[in-house]
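Colleague: This is the structure I want to talk about, given as structure tokens.
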Amino acid sequence: MTANEFILALDQGTTSSRAIVFDRAGTVRGMGQREFRQHYPRPGWVEHDAGEIWQSQLEVAREALRNAGASAADLAALGITNQRETTLIWERATGRPLARAIVWQDRRTAAMCEKLLHDGHGRMLQERTGLVVDAYFSGTKLAWLLDHVPGARKMAERGELAFGTVDTWLVWQLTGGAVHSTDPSNASRTMLFDLHAQDWSDDILALLNIPRGILPRIAPSSARIGETLPEWLGGSIPIAGVAGDQQAATFGQACFTPGMAKNTYGTGCFMLMNVGDAPVASRHNLLSTVGWSLPAGNATHATYMVEGGVFMAGAAVQWLRDGLGIIQRSADIEALAASVADTDDVFMVPAFAGLGAPHWDPYARGTLVGMTRGTTRAHIARATLESIALQSAELLSCMNADSGIPLSELRVDGGAARNDLLMQMQADLLGVPVVRPRVPESTALGAAGLAGLAVGFWSSLDEFGAQWQAERTFEPAWPADVREARMQRWRQAVELSKGWSRPAAGHA
């Protein structure tokens, strides 16, 4: 085995830590995965143990190397991708976390966000950061930690405290505290980062009463930022790529030109579209975010995305399984849905937790409409599957409108992307090809790609992109009038779901 033959990607997710060894062809050569504990100390609170994140990530990195038959000497570089927005603080001198990490799903700062909106800061925050004001993002989580963890604010003011998202925490640990760094894709999810200035916003830091000194420096997503301590993985490895998970997946899917987009089908769906070298202000309350930044001579060049999310995708299928008992396993839905030719005009709006973009109605609730005595469990299964494709098509239409760039094709990944019927539905509703890649590990591959570019493992974006291959392409079969009629019927069903749980006398 020759030196510098592989790239190691660390993929630190919400429920598990993973590590994957890739070769130059983008093929998986070894993998490790460990789940870790979720903490729910109060309703709406979600926490992770920072030490467990680090230990689980270190264990799976060693496991991936063993499974690949590789050592640190065989690695050209290491890349990191991570669950975004999750917020940590630790003592600079010791690396000791002062509290558990507040996870992106955690809602404890919802009231703080409502106050920011009530006080008239919403427009400024959205214009600067590209984000809607929400407890989802790191800024209010960090403010909460400084105000509620004993001694945290005084330590921050004395310069003794460090803040980071999960990527920053892992880099700190891997380098023994030598590097306190993040990248623009993660920084742009904090609600503290000015998209236009490509730096932390002093105005927002003042608004949230956060000392700038606790923030990490911002390095390009593809750049050699430090080296691992030899004791961790048996040798010193350059850390050369960092990106948030959804942006890394977009990079791994080689969506390098404006108009290219990917959709990750999981519990929910995450859609990102490349909009080029300037941020796009959404008219549909989609998020504007940095995809990645690459060195360009003495400067860096950022690529921007618009992002939309579907709350309930695979989760709606799980409800059919666990709530209704219509299927025994989630995988059973494809055969059941395929046993009927269509939904017989049945629509399922899976607004179990409200509706996200472009509707943003927290009072909407799950709705099944169009049923007759002839409706069967197969029709309901097909309508549920189709709801995933309908929601995604609606969001991608908004992305087209915001960006002014027509979608050329949709690249897909995630567990539900293996469902051939769903992928065909998606192509029919979009009117463009839906393409599933040969390598399904898009997120980790993106981190590997960013790291590999920084050290010359791949010489260019074109060379890295050339290893991307389609496993299957789903071509649209519906004419435009059929597609539009289906979308119009869907919009009718969505309107019926809105406002249902509003705590007022009447319903919307």
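Placement of Cβ uses the backbone N, Cα and C atoms for every residue, glycine included.
Keep in mind that what you see is a predicted model, and the values were worked out from it rather than measured.
Not my notes, these are from Swiss-Prot:
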BINDING   THR14, ARG18, THR267, GLY314, GLY415, ASN419  ADP binding site
BINDING   THR14, THR15, SER16, THR267, GLY314, GLN318, GLY415  ATP binding site
BINDING   THR14, ARG84, GLU85, TYR136, ASP245  sn-glycerol 3-phosphate binding site
BINDING   ARG84, GLU85, TYR136, ASP245, GLN246  glycerol binding site
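Please situate the listed features within the shown structure.
Modeller: There are 20 other Cβ atoms within 10 Å of the Cβ belonging to GLY314 (ADP binding site).
DSSP assigns GLY415 (ADP binding site) to a helix. Taking Cβ-Cβ distances under 8 Å and a sequence gap of 6 or more within the same chain, the neighbours of GLY415 (ADP binding site) are TYR265, GLY266, GLY314.
Note on THR14 (ADP binding site): other Cβ atoms within 10 Å of its Cβ, all shown chains, come to 19.
Secondary structure at GLN246 (glycerol binding site), as computed by DSSP, is helix. The 10 Å shell around the Cβ of GLN246 (glycerol binding site) contains 26 further Cβ atoms across the protein chains shown.
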Colleague: Name the one residue among ARG84, TYR136, ASN419 whose Cα is closest in three-dimensional space to that of GLN318 (ATP binding site); these are the binding-site residues.
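Modeller: Checked the binding-site residues ARG84, TYR136, ASN419; minimum Cα distance to GLN318 (ATP binding site) goes to ASN419.
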Colleague: Are there binding-site residues among ARG84, GLU85, TYR136, GLN246 that sit within 10 Å of THR14 (ADP binding site), Cα to Cα? If so, list them; otherwise say none.
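Modeller: So far as Cα distances go, the binding-site residues lying within 10 Å of THR14 (ADP binding site) are ARG84.
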Colleague: Which chain-mates of TYR136 (sn-glycerol 3-phosphate binding site) that are at least 6 residues away have a CB under 8 A from its CB, listed by sequence?
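Modeller: Counting only residues 6 or more apart in sequence, the Cβ neighbours of TYR136 (sn-glycerol 3-phosphate binding site) under 8 Å are GLU85, TRP104, GLN105.
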Colleague: Name them in sequence order: residues not among ARG84, GLU85, TYR136, ASP245, GLN246 whose Cβ is within 8 Å of the mean position of the Cβ atoms defining the glycerol site.
Modeller: GLN83, THR86, TRP104, ARG189, GLY244
Colleague: Any idea which of the binding-site residues THR15, SER16, THR267, GLN318 has the thinnest Cβ neighbourhood at 10 Å?
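Modeller: Checked THR15, SER16, THR267, GLN318; of these binding-site residues, fewest Cβ neighbours within 10 Å: THR15.
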Colleague: Would you mind checking how many other C-beta atoms are within 10 angstroms of the C-beta on GLU85 (sn-glycerol 3-phosphate binding site)?
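Modeller: Its Cβ has 25 other Cβ atoms within 10 Å.
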Colleague: Between C-alpha atoms, which of these binding-site residues comes nearest to ARG18 (ADP binding site): ARG84, ASP245, GLN246?
Modeller: ASP245
Colleague: Taking just the CA atoms, what is the gap between THR15 (ATP binding site) and THR267 (ADP binding site) in Å?
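Modeller: Each residue's Cα considered, THR15 (ATP binding site) and THR267 (ADP binding site) end up 12 Å apart.
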